[in-house]
Amino acid sequence: MGLSDGEWQLVLNIWGKVEADLVGHGQEVLIRLFKGHPETLEKFDKFKHLKSEDEMKRSEDLKKHGKTVLTALGGILKKKGHHDAELKPLAQSHATKHKIPIKYLEFISEAIIHVLQSKHPGDFGADTHAAMKKALELFRNDIAAKYRELGFQG
C-alpha cells in the first residue's frame with residue numbers, strides 16, 4: 001500500500017503549505033477534531049475545560065499542541081514510508097501513556113484532510129487529496145501494527 005514517488009511529491013508539496021503556518025493549521029486541525037468528535041477532548045487534560053470554539057481559539061496550549069502534532073507528522077511524512085524510527089516512540093507514548101485509540105487517529109486524519117481542503121482548495125485537488133489520504137492511512141496502519149507489538153488493542 002505504499003505511495004508512488006509522484007504521490008509522495010504531491011503530499012510533500014501540500015505539506016510545504018502546512019509548514020508555512022504550523023500553528024494555524026495545527027490549531028484548526030485540533031478544533032475540527034474536538035468539535036467533530038468531542039469524546040477525543042477527554043484524552044487531553046489540558047483541553048478538557050475548553051467547551052467553545054472561541055475558548056479553543058484563545059488557548060495557547062492548544063496552539064502549541066497543534067504545532068507539535070503537525071511537526072511530528074511532517075517529520076513522518078518526509079520519510080516517505082520509511083518512518084519506523086519516528087513511529088516507534090510515538091506509538092509507545094500514544095499506546096502506553098496516553099492510550100489513544102486508532103479510531104482517534106482516523107478522526108484526526110479526517111480533520112487534517114478537511115483543513116487542507118478548506119485552507120488550500122486550489123492546491124488540494126483530487127490527486128493530492130487521494131495521495132494525502134493514502135499517506136495518512138499508511139501512517140495509521142503502521143502505528144496500529146506498533147500498538148499490537150506493544151499489546152495495546154486501541
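Positions of Cβ are set from backbone N, Cα and C atoms, glycine also.
Sequence annotations record features per position, and here Swiss-Prot assigns nitrite binding site to His65. Under the heading O2 binding site, Swiss-Prot lists His65. Swiss-Prot lists His94 with the feature heme b binding site. The domain 'Globin' feature in Swiss-Prot is assigned to 2-148; the stated evidence is sequence analysis. Among the features that Swiss-Prot reports, phosphoserine is placed at Ser4, with the record citing similarity to another entry. For Thr68, the entry in Swiss-Prot reads phosphothreonine, with the evidence type similarity to another entry.
Averaged over the domain 'Globin' (2-148), the predicted model has a pLDDT of 96.
Scoring each of the binding-site residues (His65, His94) by how many neighbouring Cβ atoms lie within 10 Å, the top position goes to His94. The secondary structure of Ser4 (phosphoserine), as reduced to three states from DSSP, is coil rather than helix or strand. Comparing Ser4 (phosphoserine) with Thr68 (phosphothreonine), their Cα atoms are 27 Å apart once rounded. Recorded residues the residue listed as 'phosphothreonine' and the residue listed as 'heme b binding site' have their alpha carbons 14 Å apart, per Cα-Cα distance. With respect to their backbone Cα atoms, His65 (nitrite binding site) and the residue listed as 'heme b binding site' stand 14 Å from each other.
All protein chains considered, the CB of Thr68 (phosphothreonine) has 12 other CB atoms within 10 Å. Under the DSSP three-state reduction, His94 (heme b binding site) is assigned to helix.
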